[in-house]
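Asker: So TrEMBL says this about it:
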BINDING   LYS65  ATP binding site
DOMAIN    36-366  domain 'Protein kinase'
DOMAIN    367-398  domain 'AGC-kinase C-terminal'
Amino acid sequence: MEPILIPSLANRLVIPTDPSEDEFNYCSSGITIDSYEIISTIGSGSYGSVYLVREKSNGNVYALKKIYYVDVHDSELVKKRAIRERDAMIVCNKAKNSRAPKLHRAFIDKDECVFYYVMDYIGGGDFNSYCYKRLCEQKPFTMDEIKFYMAELVICIETFHHLGLIHRDVKPENIMINEEGHLILCDYGSSKQLFNNYSTHNGFLSVSSSAPGHGGSFGSFGSGSFGSSGGSFGSGSFGSGGFSNTPPNFTSFLRNPSSSYTSYIGTPQYMAVEVVQGTNYSKLCDYWSLGAILFELCTGQALFVESPDTTEQKIRENIGNWRGLLNTAISKNQSIPKVVETLIRDLIAPERKRIDSMGIRKHPFFEGINWEDVSNHRNTPPFKPTLNSSTDTTYFRN
Ligand SMILES: Nc1ncnc2c1ncn2[C@@H]1O[C@H](COP(=O)(O)OP(=O)(O)OP(=O)(O)O)[C@@H](O)[C@H]1O
Ligand SMILES: [Mg+2]
């Protein structure tokens, strides 16, 4: 199969600290921000915003993500995250990863110091907002629904891993619902390229699209935890103005080019203990996040967040003491079925004991799931967004 080329510097282990247009731009010849009409704002994050836009030349509607890289906390880190995000999206594009938003263009505005990404607009909104809506409507998820969403997420994460990428920020806000009701994994600013499947090709690093597994078959709600800031569904991620992580440690990666990393990145309440503690970690950290989401879907409560006032520091401490807190949380939520409890315990576990995608697929919780069907979007989603037009933003209104 054709190798996937990352159209950037030859040595991508060194991320440019001041990327030029040549290093950043992707399919954007002659394109500037003036090529777009902004229809509305659909999301805002730590360093920028996401807009619904129309490309003036062809009338196509897209989501446009804008990231400022000056006058922000740790602008070097912001630039690195922006480039990693672009690279990961290009890898997903080339591999035709249907669980990723397609990147149509990326361009940099050097005068305004802004990165732009033009992506498919995913109209069903983010999973966090959907969970919050269910909470407000007092409609807890059924086990069948939880099974559907967990299976979809397993495929999203697996597909990402098979392309040689670790996401490191799997959380409900970074999961989108497409117009059919299937899940899409977004926001690759915290992602990491494993390079295991990469080789050099004409001076570019490349990943083989025949990477292992790619293309193959592949309760009750508790107290107000779904919700806005500080609550469970809806907290901010690291990378915000208060980013206190150590920047990704590329030096240690160069010394030890295996699939283990020591950089400290992610979102505290979904973050694996090995990431919080800064020890080596691997792609299995994304499955810890899956376990935290599973607990939350079943109970409506976040595992390591006691209240909206719980500080980031306290969440980290709680994750450090995860065993005791997990036992307490499970004993307080007797309604969690035993089979779910075992899956949670297999995911919220020390890395060496945590199950990987094969273990997850075989887990009794997923009994009866046809993974081939999940992989090919053949299972019927429990919720299908109703969109009246390509510019309908119903699911992005609070
Ligand atoms: N392709 C898309 N289609 C529709 N909405 C999107 C899309 N991408 C992002 N959004 C919306 O914008 C929000 C913020 O986007 P994203 O998660 O990429 O940025 P962020 O969290 O600010 O990023 P970062 O973590 O890099 O600071 C998402 O939660 C989602 O609601
Ligand atoms: Mg995000």
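Heads up, the Cβ atoms here are built off N, Cα and C, so glycines get one too.
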Asker: Output, ordered by sequence, the same-chain residues six or more apart from LYS65 (ATP binding site) with a CB under 8 Å from its CB, or 'none'.
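Answerer: Listed in sequence order, they are GLY48, SER49, VAL50, TYR116, TYR117, MET119.
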Asker: Sequence-remote contacts (6 or more beyond its ends) of the domain 'AGC-kinase C-terminal' (367-398), Cβ cut-off under 8 Å?
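Answerer: Same-chain contacts beyond the ends: 39-40, 42-43, 52, 54, 61, 98, 121, 123-125, 129-130, 142, 144-145, 147-148, 151-152, 154-155, 177, 179-182, 217-218, 361.
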Asker: If H, G and I count as helix, E and B as strand, and all else as coil, what does DSSP give for LYS65 (ATP binding site)?
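Answerer: LYS65 (ATP binding site) sits in a strand per DSSP.
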Asker: Kindly state the mean pLDDT of the domain 'AGC-kinase C-terminal' (367-398) in the predicted structure.
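Answerer: Mean pLDDT across the domain 'AGC-kinase C-terminal' (367-398) comes out at 95.
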Asker: For the domain 'AGC-kinase C-terminal' (367-398), what are the DSSP-based totals of helix, strand and coil residues?
Answerer: 8 helix, 0 strand, 24 coil
